[in-house]
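Undergrad: Supplied in structure tokens, the structure appears directly below.
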């Protein structure tokens, strides 16, 4: 098929191969790309929608900022591929927010480092869990956004792992609570004693899952592999006659699949962009939580390394009792990862749960919070309402402009591939 100029269209013209910015601009919204360089050298890409396509450009005023954080194996792309009426990023933009979409270290958009090359030095590059995302990535990202916007604080929306790293932030860097007005948690993750995910159930059954992943599979990044698909439930998946491609995708084996509510037209795009990358340690850290009763804490190395790192034989638990940020919990009955029982425990630990909603549809699952055809009415409208109740009043001050691509991006040319 030839394009309008008689040429065959390239990848940039095919939605399957769009980058995140392309999906935003395709819907008529402005797109910016920023890079946060973390304290330990990871380059994190932030995508920004500073204002809505519906705004009068001659009268754009200052807007409250919101940081939206994806879950494990995902990226900022997940918030913009379902179209303007179903994608959270566009819904927040139309609701009057300055929207910032995060990308965790190691995913598709955040695979660069000041000195480390993931291909040449995988053991060093992938030596992190979601603990580092909560203690380093998230505070560095919040500071960057507040500096760029001139705002004193922001709202936070997280899905899955994106909720867990917020609790880590509040526990380990409690001073950052003054910089967050509200936290909306979709499919919240912390306590994991009732997980149904085939991949997570398998990993939790292995005595040392990180060693199994690294020694048996030969890598430190968690990515598709025939052995994982075989051991972790491909037979289960295929036995349920799921859509083509779903049984070969780690994200669906990890989090579940709901054929009733998933927007079918975007399934090829989902499969093209996920899994977006994660470290093996991220998955094994979650698997460790499944082995301990009602426990949410730091990574368990071994007794000797725990003594060296923590000064005690067991890893310390995160303290959730001092979290002062107003929290809204949105969860579902058919969630393989964020079970009703485990969220109940979490809600009992958090001292400032301002809102809690169970999705009233029994088939609604973990990924439906991203791509269900009616997720706006079921969840997102409530998220916006919760944020609005915690917003401050703004004077008619102009929006602070920002370069489309920030000057502090560390380009590949400047990355040292061989470090003595």
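Cβ atoms are placed via backbone N, Cα and C, with glycine included.
According to TrEMBL, the feature active site, nucleophile maps to 160. Marked as active site, charge relay system by TrEMBL: 335, 366. Residues annotated as domain 'Partial AB-hydrolase lipase' in TrEMBL: 22-82.
Help me picture these features in the structure, burial and contacts included.
TA: Neighbours of residue 160 (active site, nucleophile), defined as other CB atoms within 10 A of its CB across all chains, total 28.
In this view, residue 335 (active site, charge relay system) is surrounded by 28 other Cβ atoms within 10 Å of its Cβ, with every protein chain counted.
For residue 366 (active site, charge relay system), the Cβ neighbour count at a 10 Å cut-off comes to 28, with all displayed protein chains included.
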Undergrad: Using DSSP, tally how many residues of the domain 'Partial AB-hydrolase lipase' (22-82) sit in helix, strand and coil.
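TA: For the domain 'Partial AB-hydrolase lipase' (22-82), the helix, strand and coil counts are 12 helix, 20 strand, 29 coil.
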Undergrad: So what pLDDT does the domain 'Partial AB-hydrolase lipase' (22-82) average out to?
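TA: Across the residues of the domain 'Partial AB-hydrolase lipase' (22-82) the model's pLDDT averages 94 on the 0 to 100 scale.
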Undergrad: Taking the Cα atoms as reference points, how far is residue 366 (active site, charge relay system) from residue 335 (active site, charge relay system) in Å?
TA: 5
